Amino acid sequence: MEASIMDGTTMGCGAVSGVSTVVNAISLARLVMDKTPHIYLAFQGAEAFARDQGVETVDPSHFITEENIDRLRQAKQANRVQIDYTQPMEGQPPKDDNSRTGTVGCVAVDASRNLASATSTGGMVNKMAGRIGDTPVIGAGTYANALCAVSATGKGEAIIRHTVARDVAALMEHQGLTLRDAAEHVVAGVPRGNFGLVAVSVSGEISMPHNTTGMFRACATEGGYSEVGIWPDDGGET
Amino acid sequence: MARWAIAIHGGAGVDPNLPEHRQEEAKRVLARCLQLGVDLLRAGTPALDVVEAVVRELESDPCFNSGRGSALSRSGSVEMEASIMDGRGRRCGAVSGVSTVKNPVSLARRVMEKSPHSYLAFDGAEEFAREQGLEVVDNSYFITEENVGMLKLAKEANSILFDYRIPLTGADTCSALAAASEKNHGAGNGMVMNGLPISIYAPETVGCAVVDSTGACAAATSTGGLMNKMNGRIGDSPLIGSGTYACKACAVSCTGEGEAIIRSTLARDVAAVMEYKGLPLQEAVDYCVNERLDEGFAGLIAVSGTGEVAYGFNCTGMFRGCATEDGFMEVGIWE
């Protein structure tokens, strides 16, 4: 599992990868940020740190579900990595094979206008051992500064190369785009089926664009607006 | 027809009192690696091949903190990381936690080209290296005596060393070293980088940014990381957008305080400022170095798709070299 967190006020960040026994990877990422001189710890080093910090750990089997065992078997049979774009597929792949991504994330702006972002994932089904995706990479899956907070989800390799989370902020900063325009611009700039993101701005706007079949999402504002959705046309406009 | 250009670095943040012979040695290695790149570019080699070849050369020399000569982790072992990015299509590859692969930058390239992923680490990366038949050696190959000594000092100082490079002998405690340094070099410089006085610190992540004669850009960065780092610590070097970035407009490789480079997504920022604000290369570099780093110390090298080179740093010195097609060629350390 891997995760990252970023504080838009201090620009502090924390990230972990290759975590297999820690119940809450995101909390471990926060501890890296708060309790070490580093930003990012991985694999055995991250696990050792978790034990040092006394965080809750369980047997790796705790995280494994029947459903996922089945998914893995299917993926291996089809000889593909789910949400994969380079492997030759055997048989007929689903038309829009960009479902079943389970990365989770959250972005928020508080009453003092502080922004923060956090993202966490188990990665792709049937990924190579040691594969790191966009989720723990600051600037790719997670980013927050004084203008906005962003968390991305989808094809990790695409999110990395497009530095998605950072780009939303960069467009706002350097071209003065609004949150929505910046977020939509970043998502529109790649072929369909690549990724989506959630973002909030310092002034309380929300944007949740995606160019995938759907994106599990929800949002709420102090003004009382809230929305939960999956498909592109779910929910209203903010 | 585009003009080629190349920039290389061997680390930012240099002790102003670094002895002459160490400066000369570093410049010799830089010059040699720069010449290698120049020769390849003159022969029409693509940017991606050039950055890989030059970084391989820098990794093989124990002078800098990458490959052989890498800084040691807390446990005394070497854990290396690297990334490479091809400006055409912004393909990228990265590795972390590499402990037996002779040239981490080549493994990063294999990840980009031969795996469905962009980033592999630790056991997974090592396994992949073997599958790919890359040259592997014992971890001890990367460890130099000097670094073993430096690790000891760093532990005594109980802080993280960017890298080492104190040419003092017979001093086996940090305070003796500092005192000797004071004695040899007069008044100490008050600068501190990553918790250590500059007189016992010299970071030497290596990197290369190239634009070839077709206008294609590429960049690569490689390092052993911080001396006495926690095992499993990942810095900026393998993170696309932080330590390395390449697109149509430019290629960038960074060095310095990894944590500062990450939080400012430094390499991507240079490109973003060019792309979104329309700044030319040198201005983009200056803007990022001056405005983005806050209290962090770092430096970077960059080339543009139109054949320019630029570099910048906000600390005392950066080992670097640059060359352009019109014959310009220089190696330097200081401002």
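Just so you know, glycine gets a Cβ as well, placed from its N, Cα and C.
Automated prediction, rather than curation, is the source of TrEMBL annotations.
Database features (TrEMBL):
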| type | residues | note |
| --- | --- | --- |
| ACT_SITE | A:T103 | active site, nucleophile |
| BINDING | A:R131, A:I132, A:G133, A:D134, A:T153, A:G154, A:K155, A:G156 | substrate binding site |
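On the structure: features taken from TrEMBL.
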residue: A:T103; record: active site, nucleophile; DSSP class: coil
residue: A:R131; record: substrate binding site; DSSP class: strand
residue: A:T153; record: substrate binding site; DSSP class: strand
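Comment: substrate site residues A:R131, A:I132, A:G133, A:D134, A:T153, A:G154, A:K155, A:G156; largest CA to CA distance 16 Å, whole number. Around A:R131 (substrate binding site), the same-chain residues at least 6 positions away in sequence with a Cβ under 8 Å from its Cβ are A:G123, A:M124. Proximity to chain B (Cβ-Cβ distance under 8 Å) holds for the following recorded positions out of A:T103, A:R131, A:K155, A:G156: A:R131, A:G156. Rounded to a whole value, the Cα-Cα separation of A:I132 (substrate binding site) and A:T103 (active site, nucleophile) is 13 Å. A gap of 6 Å separates the Cα atoms of A:T103 (active site, nucleophile) and A:T153 (substrate binding site).
With a cut-off of 8 Å between CB atoms and residues at least 6 apart in sequence, the same chain places A:A140, A:G141, A:A152, A:G156, A:E157, A:I159, A:I160, A:V164 near A:D134 (substrate binding site), listed in sequence order.
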